Each structure stands twice: as structure tokens, then as C-alpha cells.
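S.K.: Before we start, here is the structure in question, set down as C-alpha cells.
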Amino acid sequence: MKRYVYINDDNLASDIYCDNRISNRKYTILNFLPKNLWEQFSRFMNQYFLLIACLQLWSLITPVNPASTWGPLILIFAVSSSKEAWDDYNRYLSDKEANEKEVWIVRQGIRKLIQAQDICIGNIVWLRENDEVPCDLVLLGTADPLGFCYVETAALDGETDLKTRSIPSACMGIDVDLLQKIKGAIECPSPDKDIRRFDANMRLFPPFLDNDVFPLTIKNTILQSCYLRNTEWACGVAVYTGNQTKLGMCRGIAEPKLTAVDAMIDRLTGAIFVFQIVVVIVLGIAGNVFKDKEGRKLWYVQYPKEGPWYELLVIPLRFELLCSIMIPISIKVSLDLAKSLYAKFIDWDVEMVDPATGIRSNAANTAISEDLGQVEYILTDKTGTLTENKMIFKRCCISGRFYGNESGDALTDALLLNAVSTGSADVILFLKVMAICNTVIPVRSKSGTISYKALSQDEEALVCAAARLHMVLENKIGNILDINFNTSPMRYEVLDTLEFTSDRKRMSVVVRECQSGEIFLLSKGADETILPLTYSGQQVRTFAEAVEQYAQMGLRTLCLAWHKLEEDEYQEWASMFKEANSTLVDRESRVAEVCQRLERDLEILGVAAIEDRLQEGVPETIETLRKAGINFWMLTGDKMSTAIQIALSCNFVSPEPKGQLLIIDGKTEDEVCMSLERVLLTTRITESEPKDVAFVVDGWALEIAHKHCRKLFTELAILSRTAICCRVTPSQKAQLVELLKLCDYRTLAIGDGGNDVRMIQQADIGVGISGREGLQAARAADYSIGKFRFLKRLILVHGRYSYNRTAFLSQYSFYKSLLICFIQIFFSFISGVSGTSFFNTVSLMAYNVFYTSVPVLVSVLDKDLSERTVMQHPQILFYCQSGRLLNPSTFAGWFGLSLFHAIVVFVITTHSYAFEKSEMEEVGMVALSGCIWLQAFVVALETNSFTIFQHLAIWGNLVGFYAINWIVSSISTSGMHTIMFRLCEQPSYWITMILIVATGMCPVLALKYLRYTYRPSKINILQQTERLGIIEPQSRSSSDKDPPTLSVYEPLLSESPSATRRSVGPAQRFDSFQSPSPPDSTHTRKDN
């Protein structure tokens, strides 16, 4: 689809295209209630509770007042709806501010001040310096005589450096007054979200130009939310408005991510639902049988001789309503609130603030914190993620001569300095390419010093190095470059720029030397794309050796080349280049094809080597996380040798003989498959050996393996703890993440640049680093951090605590609901299996919402081990990765505990008051009190670190229970009038409470003591030593001396014998804290 924009003629467009009103709102006043309710009831659990609430309106079957379900249901929905309404109201205020901002436009040749929302397609918008761009514009004119302006795109892509934008060549030389009367048409594609591409054509109508077609690119546009900087004014025609701008198309709600804990809770909820149906069927049948055989004999029941056709359904439905509390209605709200607090803890963590920049960590996704504790694979970018992305020119090879090898810095090498001073032709030409072949913008300060603004750190490093060697890029005015070499000025005109892409992996410029008129092609790029383009006869062996040598030092390499062009040759090519740039369909591939025709017969001038230092703490972070059982994959665009060297220095893999690198290579399908089979066979053999094995693959071999040997590559991915993937594209990074996710592993992807966004969004958890490449990765990620080293704390501290707390909170929520439900079921056996409720309506309504929610919510502050201990012993993350704290086995333990406590409460209560002349309301209140007391002690027993908040929540909640019931008992119409007063005056009530707590908690305490004493887990041992104050950092010397061992995973906790550890690899044992009974050293592997 195409869009035709008529310049300065909004009448043609106003009826076809939308105006510039921005709307990020999800609701309106009219549709809020129905739309929000629809979203709420699209979830199965909410549909279930609504069905239960509706059934309770049927007075014949409801055992309690419908308010016991409708009250909590309405409260929970009201809380959720209020949050949605508040968020949407804030979006409305933001939209209103943007829509009502005043902007200047041109209509009928006159400038007018209107609101931004009234801009139409085709309007000419006039901007002043520091104005925000209200919609997507194609530039028509600027204050600069050469048609350039500077824009800040940080709000769009996160990149803080200013970018240059230029008016189309068709508009060059048009007077300012005539710009207000300009007429023409722009043929552009339909709105899309690609902020780096705009393939369009422009035609200006007479008298300006005679309908000639001029190509437009993204460099001729300024997009919505950018700011005009360092330019007095600029004007442009609106091509995309409102929510159809590129920024508007990028907006939207990301797909929700389902954590492993949430998936397990869903499965457990399903199991409870099935159990509930079975109970309802059994009790329904038993109730109908009892009614027919015994109930009709009871004169006081007065059953009719013949009932309606649905009579058999009454008792089963009554039990369904009675057992509906098995699934806690408050669990979703409790989990959402807890997860929001987990995210805030990450935001507030002062230990994760980068001291150099002041950047804080940020949790953009509040729903997946517990997944951080279950990460099994980390896939990381290299440049800017593991390294500082501060490029420094270190060495070079020019015409076969190496510079910087002896001194370690080419800029101080006497031979190179001498070659520059004597005017060596090869060296001077090499420096010219460094200074000219780039998109760097020189900026001269008031003091006269020159600084450089660059989109690429590599380009900045090359230009700065050339300047230090006296080849100074002094000025760039339009297409004119001013170079100064040893006080000798030179001027070049840039005719065309052949831009860098991830497929071409090179950049070229066509320049004309203004003095001589000669035309040159200057190129720089990766060795595999530059070296094959040399003219026949040039020896490239020395340059290839230089690339290999520098790569083994961990340096980034760029090959520099040039080629002299004839005027006719250039003109012929330029016409093809212009035609390719005018194509609206498949423009990028057409341009690349035309560029390939010019980039040939190159003369290699030399190789530049650039150092990118590792960030502080990267090796230690990777070593610690590897001890935690996390597998690391490095995905980088660098060449293989550089990637391997960085991997060795980062502790990705151990050097020989402890480690072994297995390389997958080949150019054809057969070669890659044979190489892959060989590597896979070696990996299988060395699996039983104490060796750190990693495989290395480049982008070409990876593409073939992914298409033709997917099964073998998947098996290798499962067996290998470490992988180094080099020369990979952004799409290949995302494919590797998807591959591991299909193997059911929890993946975390971390990067810092726009090329990492797809990988970050594909992973279960995306982490972005707010680095020198901008904020694109950080904005697309679930979490953003300032430096890679903060990943250790993010996973080991925040991830582990979040998982532990969520596991307890979710299972406790089921425990308290099952406890009250089992008591109801037991009561049915002494009430004629009639489905009568043991508890009154008020108690049931307040039970889940008030009586038991507060203590469990304070569990978000609980810490089983101190942060220091967790960081010193990362191996304990295995408990989270293997799901030991939340699985069917641990849930069965909580299920059994609720059943046991229900028996204790019911038996003791009924026997204590069997011979008392008590009302059923009174006996029910005694049972409810027993439940509240037991739950207080259960929470206290499961709490590891007490603070004042925990004490207030646990014991204060107990006091609050009595306070609420005293208030209700004082109301004469409540149905509980004086009950709590009478109970509290009876010594038998307090004796019953003591007996319930003692009987219910003593076996639990005994089992916990026996397990803690005779079968302690590693966490129990660390807790004990921590309390004794003898925790010491693990000695690194032992790990340095002993070879890495194959990962040996201890048996699972006694609470969870069925869980298995899914990933294998070397891991550190708890040598300092061995349990008395060493576990069997077997491990299991997940089948795929």
C-alpha cells in the first residue's frame, strides 16, 4: 500500500487520513465498565468465581449468604478496576498535554498557531530551535544554507548523540518565502514502525521543478518526539500523524510473559479444581442417599414426598458452593501486590546504582521477578555489555608493516610518527580513509577545540586517532569536508555514502578531491567483506595475518581500502544508485546490489585494531553465576578470534588444559553437518570428564545448522554449558533464544544496543544495559541496569528472594483456603450430608480478605539467608532453578498440613463443646478462632527473619481478629450478637485454643526439628552457621587448584522428591558445609 501526500494542500488529505490527535488510552468513559469487565472475566478463575456468586443467588441451594462471595469478588474487581482506571487517566493527561501543545503551521501561505492535534497530512509545520516535533515530517527547509539541521532522538531510540538531517535535493536553494507556497506530492509507504527506514519519492510541481522524481530516505525526515537542536528553524510537511506516526506504531502493550511459578500455580489450581469436583460428586451422591434413606424419616426436616425435577442437583450444587473456597479468591491480588513490591525493591536497591553515571536499576515488568531466580541460560552480547564500549585505537598494519606491537600503542610508535612526519604516501592515504570514511560530525567549541559526535564508537576512535596523527577532520558543512594535515588544508566533496548494514558489514564513501577533481571510493569494514573485494594480484596474506594476530589479542579489527574512479565510471554508477534509491519496493536489497558493483577492485591499505576494555567486575560476575549453575552463551557480531579471546578473559571458558573449545565450521551443508557431528561426539565423550567444554560457531555455519541440522544442534545446545556464537545477526540472536526456550529452559538475554532488542524481547527475561549505544535495549527490556556486574545481584539476591517468597505466598494461600474447606466437609458428616455451612456469612467473607491476608503479605520482607551469604554461596540458586520450593510434592505437603490442621480443629472443637449448650454460631466461631491461631503460628514458623513489621502483621492480625469480632458481636442485628463476648469469658475457650495450637503445631515442630537435625539441606546448614556467626567467603584458592568437576546435583529436598534438575555442567560443591549424610552423586537430564 502507498500513501500520497500533497504538500500544502490539506483539503485532499483531511478526509482520507487521520488528524494528529494522539490517543494512548485503553478506555473511554462509555466503554470502561463493559470493556474492563470483559477483560476481568476473560480469565478462567474470575469466570469460576462469578459462576459461584451467581449460583449463590439461588436461595434453595446456597448454604450461606451470597454476600460471602459477592463481597470479596466485588472488592477484588474494584481494586483491579481502580488501578486500570488510574493508569488510563494518567495516559489521558499525558495525551491531553501533547495534543494541546501549540505549533506553527502554514495554511494558504500564512503561518498560523494551532494545537498539535489539528495538524493534517500535507500541512507544512514550522519548528524553532528546541521545539519538539509533533508528527513525522519530511524536511523542506532549514536555517542552514546547505539544508542541514540537528535533531535529538533520545525519546525515540534512546541515543543521546545529535543526528544530522538534511532537506531533499529537490528543495535546495528555495527561498524561505517561497517555502510557504511550495506545492508537490510525496509518494510514501503506508505507516510502519521501522524508525530507521523511510523509502519514498518526492515530486515538486511547477514553477518549483517540473515533476522530476527525487528519492527520500530516513535522513530527510524528522520524526515525532524528536527535538530540533542547534538549528534556528526548520520546516517540513506532515506525512504521518497521530497514532500512525512511526513512534505511534511502535507503541502498544507487550505480550505478557508467563513465569514458571505462574504456570505451576495454574497447574495446581487445575488439580484442586478436579479434586473439588470429585468431592462435590461424592458428597452430592452421599447427601442424596442419606436424604432418601434417613432424612425423610426425620420429622423435623419435613422433606416433601415429591420434589421438582432438579431435586437431585440441589445437594451437589450446595456442596459446590460450600467447596468453592478451595480455590482462594484473593490469590491473584496477593501475588500482584507482592510482585509489585519485588519490582520496587529492585528500583530502590542502592547497591545497583552505577557510581560513574548515577544510573539506577529499573524493573519495567513487575510480573516476572521470581523468574530471575530460575534462570538457566544467559545469552549475552559482547560489545557494550561485557565491554565498556569505549573504543581506543591501539595498533595498525599499513602496507604490511606493523605499528604498535612493541610499545602496545600505535599512536606512540616512533616508526609510525616518523612515517607521518616524512609524508609516507601509504600512511597518509590510510589516515585519510580513517578521517573521511565515516559519519562523524566535528563540533568546534568557543575555545577552538574540536570534538566529535559519532553514532559509532569505532568511527569516533578512528577519527580521533587520525587527528592525533595530524590528519584532522576540522569541519563538515553539508557534503564538504575540510581536512588539515600538518597545517596543509585539503577539501573533499562527499558525492555518495554507501551506508553500513548488518548484511554488508562495510561502509564506503565516494568523494571528489576539490583541488584535482579526482574521484575516489574509500571503504572500511570487516575483513571477510573487504579482503575478497581486492583487485587481482594484490597480496592480502599479510593483512589476513594481521587481522588474526589482533583478534587473538581481543582487539576489534577493521580493514581499510580505496579505489580510484573514472568520471564516466562514476556517472554511470551514480545513475543506477539514484534509480535504486527511488525504488519504493525492496529498496534496501536494490541499493546493496548497486553498491556491490562499485565496491570491487579495491586496494587494501591496512588494518586498524581497536581495543574495547572489559567492564569492571565482568569475570567475577560470570564466574559466580556459573557456580550457580547458569549456562552462558556469548552472541556477538565480532570475528571468531576476538570473541574467543574475550570469552577466555571473561571466565566464559577455562584455558587449556582445563577447558576445550570445539569449533563448528564449514561453508556447505555437508561440511557444517560433519563438523557438527564431530563436535557433538566429542561433547558426549568429554561429558564424563572433568573438563570445561564450549563450542564455537560463526553466523554462516549457524544458519546452515539451524536449517539443515536442527536436531543435532539442539542436542548440542542441551549438552553444552557454554557457547560462543560470532558474526551473528540480530535475527540469529533471537533464533538461538527461541531454540533454548523450545527446550523448556528459562532464558535471560542481556544487551545494550538496538541490535539486541529482538533477542531481549524473545527471552523469558530481557535485561538491558543503559550504555553508550543509547537506551533502546534498556527500554525494550524487562529490567535495565547500569553495568553487567549488577546482574549477579539481580539474579542471586532479588531473583532468589522473589522466588522463595512467591512460592510460600502461593502455597500458603491454598493452605488457608483448604483448611476452612476441609472443616466444612467434616461438618457435613455430622449434619446429615446436607451441605450446611459450619461458619456464618461474615466470617467466611472476612476470612480470605482480612483475617489471613495481612500476615502473608509481609512475607515479601522475609529472607531465609542474608544477602552476604547468598552472594558468597551462589550454588544455593539450584534450589530455585530446580523448582524445589514450589512443585506438586511441596504442594502435597501443604495440602496434607491443611488436612491435618482441619482434623485437629474440627475434632477438638466439636468434642470440647459436645456437652455444652452452645449455638452452632458459637461452635463455628471457636473453630474459626482455632484456624486463625494455627495460621499465625504457621506463618511464624515459616518466617526466617523477623522484623517489627512481621511481628505486627502476625500478632497484630490476631489482635485485629478479636477486635473485629468484638465489634460485630456488639451489633444486635448481626447474627453474632454477644457471641465473642461470651466465648472470651469462658476458660474452656482459651483451653481449647491452647489445645488446638499444641496439637496442631507440635508434630510440625518435631518433623522440622528432625529434618533440620538429621537431614538438613544446604540452606539449613548455611542458616545454622550464619546464626553462629561463622560464615566465611568461600576460598577461591581451592577452586583455582582443583580442576572443574562435572556438575553433581544433590538429591532434592525431602519435601520435593519428584523435582529434577534440568541443566548439566560443572558446578561448585558445598565443600565447607557437607551434610552428615552425603547425597548420592547422580544427576538427571531432561529429555527433549
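Any Cβ shown, glycine's included, is placed from N, Cα and C.
Since we're looking at a predicted model, the values are computed, not measured.
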S.K.: When TrEMBL marks a stretch as transmembrane segment, which of 461-481, 818-838 is it?
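M.R.: Per TrEMBL, the stretch marked transmembrane segment is 818-838.
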S.K.: Take a look at 268-289, 891-911, 923-941, 948-968, 988-1010 and tell me which one has the most Cβ pairs under 8 Å to the transmembrane segment (844-861).
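M.R.: Checked against 268-289, 891-911, 923-941, 948-968, 988-1010; highest Cβ contact count belongs to 948-968.
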S.K.: Does the structure show the transmembrane segment (923-941) and the transmembrane segment (268-289) touching, where I'm treating 3 or more Cβ pairs under 8 angstroms (sequence separation 6 or more) as a contact?
M.R.: no
S.K.: So for ASP381 (Mg(2+) binding site), how many other CB atoms are inside 10 Å of its CB?
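M.R.: The answer is 29 other Cβ atoms.
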S.K.: Just to confirm my parser: what is the rounded mean pLDDT across the domain 'P-type ATPase N-terminal' (5-70)?
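M.R.: In the predicted model, the domain 'P-type ATPase N-terminal' (5-70) has a mean pLDDT of 78.
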S.K.: Can you tell me which parts of the same chain pack against the transmembrane segment (44-61), counting only residues 6+ beyond its ends and a CB-CB cutoff under 8 A?
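M.R.: Same-chain contacts beyond the flanks: 68-70, 73, 77, 269, 273, 314, 317-318, 320-321, 324, 327, 329, 332, 835.
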S.K.: Would you mind listing the long-range same-chain contacts of the transmembrane segment (818-838), meaning Cβ under 8 Å and 6+ residues beyond its ends?
M.R.: 61, 63-64, 272, 279, 283, 286-287, 290-291, 294-295, 298, 301, 315, 318-319, 321-323, 325-326, 844, 847, 894-895, 898-899, 901-903, 905-906, 910, 920, 923-924, 927-928, 931, 934-935
S.K.: Just to confirm: which same-chain residues, 6+ apart in sequence, have a Cβ under 8 Å from the Cβ of THR383 (Mg(2+) binding site)?
M.R.: ASN389, ARG556, ASP612, THR636, GLY637, ASP638, ASP752, GLY753
S.K.: What is the number of other Cβ atoms found within 10 Å of the Cβ of ASP756 (Mg(2+) binding site)?
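M.R.: So the Cβ neighbour count for ASP756 (Mg(2+) binding site) comes to 31.
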S.K.: When DSSP states are grouped into helix, strand and coil, how many residues of the domain 'P-type ATPase N-terminal' (5-70) land in each?
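M.R.: Helix, strand, coil within the domain 'P-type ATPase N-terminal' (5-70): 29 helix, 3 strand, 34 coil.
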S.K.: Sequence-remote contacts (6 or more beyond its ends) of the transmembrane segment (891-911), Cβ cut-off under 8 Å?
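M.R.: 268, 811-812, 814-816, 818-820, 822-823, 826-827, 830, 923, 926-927, 930-931, 934, 938, 992, 995-996, 999-1000, 1003-1004, 1055.
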